[in-house]
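Below is one structure; the comments refer to it alone.
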């Protein structure tokens, strides 16, 4: 093959890829309905994704630049009701004031705390409330999961109690539990006449839910407020003056939590109708009658919104949201929230709303992508990752015998958590991998801080020798449960996951039944809807479309058609110029080099020769190109018989015979047809050899 032929072949291949992308995105031609094209089109889809899909570096979620919304419910127990003079309106006003303080604290972290509900137990407590903070927390979280959450959906619930807890504890909350059904909440003692005191404690416990640890001296946390002026919110103990800001350590902890997938429920704005406190222009929420709301006048920096009237400025169509840019809506298919981990799913602008669709992720129990584990609340928890978190790089889970022997003790160093009475619970053999995490390797001591100590156990083996098991005991204060326990959702066996300290089958989530309706071309999301692969349409991925789900928006990249058209026109121009140069190469050679005829005579001679070319039987000059040539060249040579030809290549899996084919037989007119070419028989995947065929379209 000559260099010129290779040039045209590569140019046509690039042209084909662009044209195919353009046609499939605009018209969704049902090529995939032809089963014999399945193998070859999968190659085309791969090339399409290679050229037009963002890279992984582009998929990293900018967690700190996306506003999160915590839909919070605050509950006041009966003792708090009595403490406030049995005045239910006074209690509600106090709780709303506490929530306003907390929202103000978290705005600095680009988090809004939206109060979506208040509940006051004016008659009797709906769950046991005692002076034991651990038991109270356990009972409140159980009540929230069973009673409150099904009744009123929310992200987090906090109990404000009038009971004085034992010791120095004024609050307690599980760490890294935000958005979970079992543990997204905490308890707060109303320890001050000033509602700011309870607000700081609630913000502190909410910080634990977010994954924030205490600001201990050994962590070297930077706090811009001195201790005598209150310090920072996540200090182990607080007093008057109360802290109102977060430290650098808290911000780092928060970033790390978001990178792990904590807080998957926080990316959707709350329904304004359920916000407590009534409508107000300047609260940052777009409510009925408002076109926008950028906060108070002194804090509004939005060029699209009038802060005084909460109306859009000038020609602005939108003012808020990830699908709003320069006061205009982004086109449908524009990525607005990329996948953050192996259990997350991306979202795309719909073209009709300035807000990114609510965050969706893989259904609980689904296999993690490229990780040996199962998804739970959008996170892939593994023993391996937990060991690395505790012991640093090089750490790995200990053998199963370590979990079984250590966690069967039911003491502070080996257990399956605490029971409702606050006593350490022994692990049954089948639940051993859901108790205290047991590791090997890594650093000499736990890397999570000086308040963590190593608990090493040597276990003799029947065949001789001993095995070293390394657990951790962390002194994190009285307001946090043991972080050395295996996290909920961690894989504990094939098809098994840790739930409530028990190793249970993932089938309890119904993930297999949900995925079965996706036609083998998609996965099930947390709303039990199919998230389809590119080129397949929801809801069941059984028809041609643009991928995604009814929740995520379309996958197709918006505006790519315009880009494709531009590139297509440019390539056609280059192709046309190249063809003309190739056809007129003799004339150009005559113009550029010596010739017995003058240039005008030379051109006239060539023109007369081209007019004498005939397609029918009879005398006529031989076509310029022979075997392996492109029909488009012969057609352009016969300028009086056809106007233009576009050669579109289709790729088939066939044994190679000739590099290029498709010429009409000698002395035969070309076939002028718009019907698709007949398909070649499908070969095994091993016969991955391409042949080029053309569909000739005459204009």
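Cβ coordinates come from backbone N, Cα and C, glycine included.
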Additional site residue, 191, 214 [criterion: listed by TrEMBL with 204, 208 for Zn(2+)]: 214
Sparsest Cβ surroundings (other CB atoms within 10 Å) among the binding-site residues 204, 208, 214: 214
Residues of the domain 'EGF-like' (510-542) by DSSP state, where helix covers H, G and I: 8 helix, 9 strand, 16 coil
DSSP-derived structure type at residue 336 (disulfide bond), helix or strand or else coil: strand
Chain-internal residues, separated by at least six, CB under 8 A from residue 524 (disulfide bond): 362, 363, 366, 511, 514, 515, 517, 518, 530, 531
Among 336, 514, 532, which are disulfide-bonded residues, the residue with the most C-beta atoms within 10 angstroms of its C-beta: 532
Of 356, 541 (the disulfide-bonded residues), the residue whose Cβ has the fewest other Cβ atoms within 10 Å: 541
Between residue 205 (active site) and residue 532 (disulfide bond), the C-alpha gap once rounded to whole angstrom: 39
